[in-house]
Every structure is written in structure tokens, then in C-alpha cells.
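J.: Sharing a structure with you now.
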Amino acid sequence: MTTSTSKNAISKSSQEDLCSDTKDKGSSGGGNEANAEASKAIQGFRLVLLFVGLALSVFCLSLVCISEFISTFLFTRTYPDVFGFGRIVQSWLRPFRELRPSLIPLTTWRGSAPLTCYPRVVFSFLLESCTRSSRYGACSLRRWVFSSWDHSSAHLAPSLLLPGLCPCIVAQSVFTDRATWRWCFWINLPLGGVTAVAVFLFVRLPSPQGGATTFLGLLQKLDALGTCILMPLIICLLLALQWGGTTYAWNSWRVVLCLVLFTVLLVAWLYVQYRQGDGGALPLRIVRQRSIRSAILFTFGINGSMFIIVYYVPIWFQAVKDVTAQQSGINFLACSGSMSVAAIIAGTLVSTGEEKQHQGQWRIFNYTTLVSIATGLIWRYNPATSTAYCRAGTLVMFGFGAGSGMQMPFIAAQTVLSASDISLGSSLIILIQTMGGAVFLAVSQNLFQSKLIGLLESHPYGVEPEFILDTGASGLRSAVQHKYGTKAVETVLQAYNTALRQCFLVCIVLACLTIIADAGMEWKNVRAGKKPAKAPDAHHESKTDIK
């Protein structure tokens with residue numbers, strides 16, 4: 001009896017010693033891992049240089065994006081076919097940025113940090129070649145093809161370009177008016193070089209678990225088939241929207257063929273994503289999440305309306321108000337400046353608000369309210385509208401509303417998805433951003449040209465629609481006055497204003513439809529941390545081993 005009792009006591013003490021040893025090892029291991037992660041953190045001068053490099057990268061990307069909005073109609077001085085092939089290419093090649101979801105596996109490769117430098121270097125030098133092109137089509141083709149690769153890789157880290165919009169609008173306008181629009185591309189050479197050096201020297205990203213360790217394994221993870229289907233799918237859609245009712249009739253065989261190909265390719269792409277499961281660019285488990293579906297709908301609406309405003313309001317300033325590109329950019333600072341300020345305020349409120357206030361939901365509702373009112377006021381623009389009303393009354397309100405809601409889909413993805421799915425969810429939202437902008441820019445362009453051509457064909461002074469379209473927005477008043485006389489100017493400007501209001505009407509519809517996404521968004525605590533993966537119970541394992 002005594003012997004069995006002593007054996008039990010010895011066994012119990014040995015179990016306790018083993019459990020304590022296991023816990024000590026686990027705690028020491030966790031401490032070592034924490035110390036290792038802390039030692040790898042970038043500090044001091046390296047951190048400052050890396051921050052400057054990434055900031056310059058955002059500046060360069062914003063400059064290229066803004067150049068398509070403000071400088072487009074000054075390019076007509078060099079390229080008279082801007083409303084033809086050049087305009088199609090600008091909307092047509094935008095979906096090539098849909099490479100972004102397929103490039104998500106690049107972040108799981110152990111060499112992902114230096115890999116982001118190569119697109120920047122190639123992109124900078126090819127942008128320089130754009131300035132040497134003698135045809136606008138070649139310039140646009142090179143610019144958008146290679147900017148698609150650069151945006152696809154660079155947006156994996158700095159996904160929001162809002163901080164770069166304010167200085168870029170003024171810088172781009174000054175380049176265009178005072179020097180040449182080619183400086184919008186030349187400036188990428190020195191600034192892009194600083195970014196490439198900073199990232200290449202100082203960024204050392206750890207390889208995530210489950211990531212590809214070899215280049216061959218990385219290629220196998222890329223969704224090449226889905227990407228090859230997605231590109232022509234959206235090209236067919238945009239061509240149909242671009243041609244229908246303007247270049248060709250809606251019942252033309254070209255437009256019908258594009259719509260048929262779009263439908264077939266869409267079914268094929270969805271089938272490929274279903275068959276690939278989690279290995280595809282669009283994992284179904286992410287789309288099934290309620291907040292992600294709402295974020296997709298919200299992003300589609302917000303970016304569709306924002307791209308139309310950013311594109312067509314500068315056109316309205318240059319054509320209807322007869323201002324220079326520089327002054328147009330300064331006027332639009334009311335929108336971009338308030339957008340940046342609102343984004344910072346909204347992000348701060350979400351991160352510092354009380355746990356039960358669910359600030360992210362209210363920021364999205366603020367967007368719907370403010371942008372719906374602002375787009376309604378913008379729709380009322382006419383040749384007699386004062387510049388002060390445009391700046392303070394409408395653009396500030398629109399920018400504040402857009403800035404307060406633009407980041408919320410990303411915050412929703414970070415809140416409702418697991419840590420391993422955040423990159424996929426964010427990439428999906430960025431894909432919807434570019435798709436929304438591309439699709440609704442094509443829709444608004446179709447409405448604009450159709451309305452403008454219809455109004456000019458019934459013009460009493462015999463104004464040719466082709467002449468107005470080829471002239472562009474910059475210098476429209478002087479061109480019409482020189483060819484058709486002073487009496488035709490006001491009528492042409494009124495027709496131009498009426499056609500632009502069709503685009504602003506699309507913004508009103510998109511802004512109001514985001515209320516559906518507001519209702520579908522879950523009320524989640526955005527400050528709640530992610531639940532870590534459950535580690536094996538050392539105490540339980542030790543007992544099992546002893547038994």
C-alpha cells in the first residue's frame with residue numbers, strides 16, 4: 001500500500017515537472033521569437049529613407065493617375081485623335097490592372113521585397129519612352145500596359161493614393177501649363193530610383209507560412225488561367241460600352257459580338273474560380289462573407305462615382321468655365337484636399353472610438369449621405385455657376401464624403417476575415433475599384449458623346465460635332481469663336497454643359513445605391529483583435545505521453 005502510494009506521488013511529481021519544463025520552453029520560445037521579430041524591425045535612418053521612398057512611390061503613382069484626368073484634353077494640342085483611339089485605350093487598358101489579384105502570391109515568396117523594385121525600374125524607363133512617341137495611341141498603349149504592372153505590384157503595399165492626390169494635382173497642372181505634359185512622366189525617373197533603392201536595400205520581408213519557397217512554386221500559385229480569361233472579358237465589356245450608340249449602333253454585329261463574348265467569358269471565369277477553389281484569384285469563401293459582399297457593392301459604387309467626378313469636373317472647368325489646366329487643378333484641390341483630410345479623420349475615429357460604437361459603419365453611412373447630396377448639387381452646374389459655389393458648396397462636400405468612406409471596405413476586410421485572408425480580401429476590393437472606374441467611365445463617356453452629338457446636330461449655326469470632339473476641352477471657347485463666330489459660343493457651351501450633366505446623373509444613381517451596401521454591412525467591433533491559432537496544449541500532451 002505504501003509502495004503504490006509512493007509510486008503515485010513520484011508519477012505525479014514527474015508529470016508536474018514535465019509540464020513546467022514544457023511551459024518554460026514554450027514561454028522562452030515565444031520570447032525568443034518576439035525578440036527576433038523586434039530585432040528585424042527597421043529603425044533610425046533606414047526607416048526614414050524607406051518611408052521617404054514609399055511616399056515618393058505614392059506620389060509617382062498619383063501623378064500618373066491624375067495626368068489621365070487633367071492633362072487628357074491638353075494632349076489634343078499634340079494628338080488630335082484624343083477622343084478616338086486614345087480615349088478608348090485609356091479606359092480599355094485600365095482593366096489590365098486586374099493582374100493585381102493574381103500577383104498576391106508574390107507576397108508569399110521569400111524574395112518578394114526586391115521583386116517590387118523591378119517593375120518600378122522598368123515602368124520608369126518605359127514611361128520615358130512614352131514621351132518620345134509620335135502617336136497618342138502608342139503613348140497610351142505603353143503607358144497603360146506597363147503602369148498596369150507597376151500598379152499591380154506597388155498597390156500590394158501602399159494601396160491608397162489619397163495622400164498623394166493634393167500635391168500631384170498642382171504639380172501635374174504646372175507641368176502641363178508651364179513646361180510640357182511630358183514632365184509628368186520624366187519625373188518618375190529620379191523619384192522612382194529613390195524608391196527602388198530604398199526598398200531593395202532596407203526591406204527584408206519574412207516568408208509567410210505556406211508561401212512559395214522557389215520561383216517554380218511561385219509560378220504554380222499564380223492564377224494564370226483566370227487572369228487570361230479576365231482580361232478579354234472586361235475588354236469586351238468596355239468595347240461594347242464604348243462603341244454602342246456612338247461609333248456603332250447597339251444592334252451592330254460588333255457590339256453584339258462583344259456582349260456575347262463578355263457573357264461567355266464571364267461564365268468561363270466563374271467556373272474556373274469555382275473549380276480552383278482557394279487557389280483561384282477569387283476564393284468563394286471570401287465572397288460568401290456578408291460584409292465582403294457589401295464592401296464589393298459599396299466599392300463598385302464609390303469608385304464609379306469618384307472616377308466620373310475626378311474625370312469630368314476638370315473637363316467642365318476647362319470647357320465651360322474656360323480656365324487653364326493649372327487653374328482647373330487648383331479648383332479641384334477643394335475636393336482632393338477635403339478627401340485626404342476626411343480619410344485621416346475617419347481612420348482616426350475608427351481606430352480610437354469606443355468598442356461598441358462601430359465607427360466604420362457610420363463612416364460608410366456618412367459617405368452615402370454626403371456624396372448623394374454633393375453629386376446632386378454638382379448635377380446643377382451651368383455656365384453661370386460661380387467658382388466659389390463649385391469649390392466650397394459641392395467639391396468640399398463630395399471630397400469629405402468620399403474620404404470618409406473610401407477606406408472602410410478595407411477596414412471591413414481586415415475585421416471580418418482571418419489574418420491569412422486579409423491580403424486576398426483587400427486585393428478583391430482593389431480589383432472592384434478599378435473595374436468600377438473603368439466600367440462607369442465608359443458608360444459616362446458613351447452618355448456624354450451621345451448627348452453632345454445629338455444636341456450639336458440640331459445646332460442652328462451648323463456646328464460640326466466632329467470638330468467639337470476633336471478640339472477637346474482646353475481652348476474650346478476660342479476655337480468655336482474663331483470658326484463659327486461669337487453667337488455660336490454660348491449655345492455650344494450650353495450643349496457641352498448639358499452633356500456633362502448626363503455623367504453627373506450617373507454619379508447620383510451610384511451614390512444612392514450604396515445605401516444597399518450600408519444595410520448589408522455587419523456591425524462588428526473593428527478594434528477586436530484576431531483570434532490566434534490554437535496552439536497544442538502542452539499540459540495535455542505531457543499527460544498523454546506519460547500514460
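Numbering starts at 1 and runs along the chain as displayed.
A Cβ is built for glycine as well, from the same backbone N, Cα and C atoms used for every other residue.
The annotation compositional bias 'Polar residues' is assigned in Swiss-Prot to 1-17. As annotated by Swiss-Prot, region 'Disordered' applies to 1-33. The transmembrane segment feature in Swiss-Prot is assigned to 47-67, 156-176, 183-203, 224-244, 252-272, 296-316, 330-350, 360-382, 392-412, 422-442, 503-523.
Show me how these features fit into the structure around them.
T.: Same-chain residues lying 6 or more positions outside the transmembrane segment (252-272) and placing a CB less than 8 Å from one of its CB atoms are 225-226, 229-230, 232-233, 236-237, 239-240, 243-244, 280.
With a cut-off of 8 Å between Cβ atoms, the residues of this chain six or more beyond the transmembrane segment (392-412) that come close are 159-160, 162, 291-292, 294-296, 298-299, 302, 305-306, 309, 313, 331-332, 334-343, 345-347, 350, 360, 363-364, 366-371, 373-375, 377-378, 426, 429, 514, 521-522, 524, 526.
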J.: Where else in the chain does the transmembrane segment (296-316) make close Cβ contacts, counting only residues six or more beyond its ends and a cut-off under 8 Å?
T.: 68-70, 73, 287, 325, 328-329, 332, 335, 364, 367, 371, 375, 378, 381, 390, 395, 398, 402, 405-406, 408-409, 428-429, 432-437, 439-441, 444, 448, 473, 497, 500, 503-504, 506-507, 510-511, 513-514, 516-518, 520-521
